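Novice: This is the structure, below, for whatever I ask next.
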Amino acid sequence: MEPPTSHVTNAFSDSDSASVEEGDADADADVEALRRLSDNLAAAFRSPEDFAFLADARIAVPGGGGGGGDLRVHRCVLSARSPFLRGVFARRAAAAAGGGGEDGSERLELRELLGGGGEEVEVGYEALRLVLDYLYSGRVGDLPKAACLCVDEDCAHVGCHPAVAFMAQVLFAASTFQVAELTNLFQRRLLDVLDKVEVDNLLLILSVANLCNKSCMKLLERCLDMVVRSNLDMITLEKSLPPDVIKQIIDARLSLGLISPENKGFPNKHVRRIHRALDSDDVELVRMLLTEGQTNLDDAFALHYAVEHCDSKITTELLDLALADVNHRNPRGYTVLHIAARRREPKIIVSLLTKGARPADVTFDGRKAVQISKRLTKQGDYFGVTEEGKPSPKDRLCIEILEQAERRDPQLGEASVSLAMAGESLRGRLLYLENRVALARIMFPMEARVAMDIAQVDGTLEFNLGSGANPPPERQRTTVDLNESPFIMKEEHLARMTALSKTVELGKRFFPRCSNVLDKIMDDETDPVSLGRDTSAEKRKRFHDLQDVLQKAFHEDKEENDRSGLSSSSSSTSIGAIRPRR
């Protein structure tokens, strides 16, 4: 017979086991209830069309995402989750004399929400979506690949620019909205990858950490130490960071003996004078300073400076001086083309390549210009579909230009069969070039603008391709009639033909994909009159598609001209004067 105590012990053991099981079941039920609550609240944000009748505010993001830049939100949810947003909505409610949208909802500009920091850190559409989604669901979703992955196939996508920039944007928005848990999470994520981040990208993280201030002190201190010990020059730092941070860097470098007390890491006064002249867009002053013999463009790294910090026209004017080595390296081992790849300005890259910049040159760590550009470009920008007639993304254009330059196989010869057939007919050649470049402007506006800027087309007189229609007064001094009979080659004709020919050559060299499309269209003998029964359905469809594109472009140009106060009475077969680059 078992002792009574054993029964008591077993009874308690069974009771404890049952209690644990019941506790686990209760915990699981609580977790499931919280998960459903999270999903239900998230649905109100993730399915804006289904919950549009409940949304009472919209946040407008510059540039937007896809079809629009407005994100529909619910003030009660955001106010409950973010003290900052609660204060914003409370102040606007107190002020309350309107401010609603057409549907009665309140519209807030993201830059206004982010305050002064919004001018320094541009929070993108996808980054804001992630922050708002967290406020609704309490969970951090997967990072969007289109916004966080670069184009370089060899990249691990841990410390590349798109990944770093996205995390920095989320961190800044979360800190501004006073969402402590999300701020801490992304601060930890950035701290974990800092050692893998390219030194130039440290400046972005440091800027954001400085704006977040007390909420990101660990990140701020770590970034500051890494920048102090880096090879980033003082000019780059001065252009990227606020004065108080610059002072901390100078003091730290002085204490470590990394710079001398005399110049504190800055270039001498003669170089600084050249830089100030470039900042003032005064290339003539640069020329005068060079005559003093105190320095030269290479020693001053003037081309590097202009490419990184000045308007593209300054780079072109400096190159035209022919006084600098276009393949000169700065102390960090970057050629001018490497700097241009970082800036991602197609016109500057093409200008350098036409002057002999070598795309195969590598940095000290083994990267070519095209690899630099790829590491900076988001997959969403590169692989996204561009609507016909709309500008191509600059990032993608830069990569295509650099890849084509590396192939070293630009298309040679005449622009196309049609131009070759024009033979000695100067009028025919001019008409062909005008039509080709005009078509390029409609179908590939960004590529055409780059080539035309390099060729300086806007410095020549446009030809009137109409059939006797008089151009408006605003254009009479900027057009030349090609319909004069007999046609006589004049100086302005020659200048125009030279510029247009160079435009076509640049297009074939750097934009072969676009040039091939234009070749097929210009060489196509399809004519509206010849579209009879013998015309293939495919050819007929192609003609009508092209006709739709041209008609759409014409109507858009006409509306824009009407808004600008220009006369809309010019012939529909005439292309308007090219606007000067702003």
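Counting begins at 1 with the first residue displayed.
Any Cβ shown, glycine's included, is placed from N, Cα and C.
Swiss-Prot lists Cys150, Cys155, His157, Cys160 with the feature Zn(2+) binding site. According to Swiss-Prot, the feature salicylate binding site maps to Arg436. Among the features that Swiss-Prot reports, compositional bias 'Basic and acidic residues' is placed at 553-563. The annotation region 'Disordered' is assigned in Swiss-Prot to 1-27, 525-544, 551-582. Residues annotated as region 'Salicylic acid-binding core (SBC)' in Swiss-Prot, with similarity to another entry given as evidence: 391-526. The repeat 'ANK 1' annotation in Swiss-Prot covers 229-258. For 269-299, the entry in Swiss-Prot reads repeat 'ANK 2'. For 301-328, the entry in Swiss-Prot reads repeat 'ANK 3', with the evidence type sequence analysis. Per Swiss-Prot, the feature repeat 'ANK 4' maps to 332-361. As annotated by Swiss-Prot, zinc finger applies to 147-161, with the evidence given as sequence analysis.
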Novice: If you count other C-beta atoms within 10 angstroms, which of the binding-site residues Cys150, Cys155, Cys160 is the most crowded?
Specialist: Cys160
Novice: Suppose the Zn(2+) site is Cys150, Cys155, His157, Cys160. Which further residues of the same chain have a Cβ inside 8 angstroms of that site's Cβ centroid?
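Specialist: Apart from the listed residues, the neighbours are Leu149, Val151, Asp152, Ala156, Val158, Gly159, His161, Pro162, Ala163, Arg375.
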Novice: Quiz question: given the binding-site residues His157, Arg436, which has the greatest number of C-beta atoms lying within 10 angstroms of its own C-beta?
Specialist: Arg436
Novice: Counting only residues 6 or more past its boundaries, what in the same chain has a CB within less than 8 Å of a CB in the repeat 'ANK 2' (269-299)?
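Specialist: For the repeat 'ANK 2' (269-299), the far contacts come to 235, 305-306, 309-311, 313-314, 317-318, 321, 323-325, 328.
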Novice: Whole-number answer please: how many Å between the C-alpha atoms of Cys160 (Zn(2+) binding site) and Arg436 (salicylate binding site)?
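Specialist: Approximately 39 Å lies between the Cα of Cys160 (Zn(2+) binding site) and that of Arg436 (salicylate binding site).
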Novice: Could you find out if DSSP has His157 (Zn(2+) binding site) as helix, strand or coil?
Specialist: coil
Novice: Cα-Cα, whole number of Å: His157 (Zn(2+) binding site) versus the residue listed as 'salicylate binding site'?
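Specialist: Checking the Cα atoms of His157 (Zn(2+) binding site) and the residue listed as 'salicylate binding site' gives a distance of 41 Å.
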Novice: Do you know offhand how many angstrom separate Cys150 (Zn(2+) binding site) and Arg436 (salicylate binding site) by C-alpha?
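Specialist: Cα of Cys150 (Zn(2+) binding site) to Cα of Arg436 (salicylate binding site) measures 34 Å after rounding.
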Novice: Hey, how far is the residue listed as 'salicylate binding site' from Cys155 (Zn(2+) binding site), Cα to Cα, in Å?
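Specialist: Cα-Cα, rounded: 39 Å.
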